[in-house]
Amino acid sequence: MNCDDVSKQSGLHPKPPGLVLQYGTAGFRTNAKLLDHIMFRMGLLATLRSKKTKATIGVMVTASHNPEEDNGVKLVDPMGEMVTPTWEGYATQLANAEQEDLLAALKDIIEEEAINMSQEADVFVGKDTRSSSASLSKAVLDGVSALGGRNKDYGLVTTPQLHYMVCCQNTQGKYGEATVEGYYKKLCQAFIQLTKNASNCTDDQKHLSVDGANGIGALKVREMESYLKKELHISLFNDGSAGKLNHQCGADFVKVQQNPPTGMKINSGERCCSFDGDADRIVYYYTDSEGQFHLLDGDKVATLISTFLKELLTQAGIDLEIAVVQTAYANGSSTNYLEDTMKVIVRCAKTGVKHLHHAAQEFDIGVYFEANGHGTVLFSKAAEEKIRQLAEDSIADDERKRAALLLQDTINVINQTVGDAISDMLLIEAILAIRGMTIQQWDAIYKDLPNRQLKVKVSDRRAIDTTDAERRAVSPTGLQEAIDTLVKKYSQARSFVRPSGTEDVVRVYAEADTQESADALAHEVSLAVYRLAGGVGGEPKPLH
């Protein structure tokens, strides 16, 4: 390691003394003004990770659905997945080392991981459209070069596109070509092949209104349109030409507010979807003839996709285990429908995409979505091989073969590395077209149970500890018993509490057969949390 070079470069990206930041579920995120040193150091860390894995590592500069003045950074591991937990720890150590301790912190990681510093390193860097992203990604590149790494700067890309590039690079092109054009070609060709199986689709049915959250997703949808060969007609709103990133628009806004985004003209019954700021989440919605808003979130998406895949597997006569991975926040109706009607395995994982991704890898086909719209589908190597063999089998009967070819195109339209709004959108559009389904028919597969989410401020979130994928509280004593008693008062009810990962609040979720009951249950559970887990401020007020 050239210590002088690192010291010199690091001096250009000094750390504000005393500032402490944590590498969370989605990397570092905070006000952009505080991130210059973090970016430089993540460039250093990515270079070490590349030397250690002898593979290309990705660094994405984005703060996803956060407000425009924020920014953030996350590392991408060799197969396009999120960086491994041990290295999240190193990221936090390195980020928080005071200026004079930086070299020592680097040496600790090098020794701990026995990294051969003469090993070559390659790092891919991408950024979103925030005004701060240009200088911050430059700081990442400085970090890479300070340790003698090679970099490839992809400039403006969605987060899922960077994950995709890293996977393509490290599979020597088996997963696809590591260029933005390669990404569009692979996904759009598969989409066009799929929609050939849709009988007499009218132009009306091919139309979709997309809210780009005034972010990178809007730019990339524009670039992709020519590859779709008019098989999908997109009306793009919040394309970044006028509004602010994520301001009153985007997937998070629509999901939380249960309202269409500002700046979008919606005709009744029309299919609409929203991306988030870095295009890794998607939610669908429409308004009915009464002007009532209907949201189709990650649960509805997972149900649509898994139902489609299960039908194709049955038609193909391939015996593969398919499962849907949800979190405790998944609506109870979706879980019941999947288990009781579709007879699909449902797994519950802790909140956070990395936990769902991990659980999905245990099955032949794992469909995972958080209710917020972040998710994808994973196919095991064995599953892909079985499907490929049938698709190429010259003596298989026509129906089985057709199903296998559909499955093959489905695999190609999916970005298996991470949740990807563009890829998910193409898959959903293809499924609706093939099944000749309207968004209303999709929505009617099951009816969501009314639910409510609340937050309770506490003096220390660590007072709450949970088990069973966050569905039951083990501490403080008496809290779970109190929740169980309250839940028994209502019909079709459930409730759980979990500490926030970032602030001293406890999140409360409740659902029941009516909105009034869900609201009342959420309020009563909030009071129990306030009283038993050290609530601060005034006690929670009833909602009505």
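Heads up, the Cβ atoms here are built off N, Cα and C, so glycines get one too.
Whatever TrEMBL says is automated annotation, not expert-curated.
Annotation source TrEMBL lists active site, phosphoserine intermediate at SER64. Among the features that TrEMBL reports, Mg(2+) binding site is placed at SER64, ASP276, ASP278, ASP280. The substrate binding site annotation in TrEMBL covers GLU370, ALA371, ASN372, ARG498, PRO499, SER500, GLY501, THR502, ARG507. Among the features that TrEMBL reports, domain 'Alpha-D-phosphohexomutase alpha/beta/alpha' is placed at 51-87, 108-166. According to TrEMBL, the domain 'Phosphoacetylglucosamine mutase AMG1' annotation covers 181-283, 297-435. For 455-526, the entry in TrEMBL reads domain 'Alpha-D-phosphohexomutase C-terminal'.
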Item to check | Sorted by sequence, non-SER64, ASP276, ASP278, ASP280 residues with Cβ within 8 Å of centre, Mg(2+) | outcome: THR62, HIS65, THR158, THR159, GLY215, ALA251, PHE275, GLY277, ALA279, ARG281, HIS374, ALA421
Item to check | Local Cβ density at PRO499 (substrate binding site) - other Cβ atoms counted within 10 Å | outcome: 21
Checklist entry - Are there three or more C-beta pairs under 8 angstroms joining the domain 'Alpha-D-phosphohexomutase C-terminal' (455-526) and the domain 'Phosphoacetylglucosamine mutase AMG1' (181-283), sequence spacing 6 or more? => result no
Checklist entry - How many other Cβ atoms sit within 10 Å of the Cβ of ASP276 (Mg(2+) binding site)? => result 33
Next on the checklist: Measuring Cα to Cα, how many Å separate ARG507 (substrate binding site) from SER64 (active site, phosphoserine intermediate)?
Outcome noted: 21
Checklist entry - About how far apart, in whole Å, are the alpha carbons (Cα) of GLU370 (substrate binding site) and ASP278 (Mg(2+) binding site)? => result 16
Next on the checklist: At a C-beta cut-off of under 8 Å, are there same-chain residues at least 6 beyond the domain 'Alpha-D-phosphohexomutase alpha/beta/alpha' (51-87) that contact it? List them, or none.
Outcome noted: 26-32, 35, 38-39, 42-43, 45, 113, 115-117, 119-128, 130-133, 136-137, 140, 149, 159, 162-167, 169-171, 175, 213, 216, 244-247, 250-252, 276-278, 280-281, 353-354, 357, 416-418
Checklist outcome for this item: Across the domain 'Alpha-D-phosphohexomutase alpha/beta/alpha' (108-166), the model's average pLDDT, rounded to a whole number, is 97
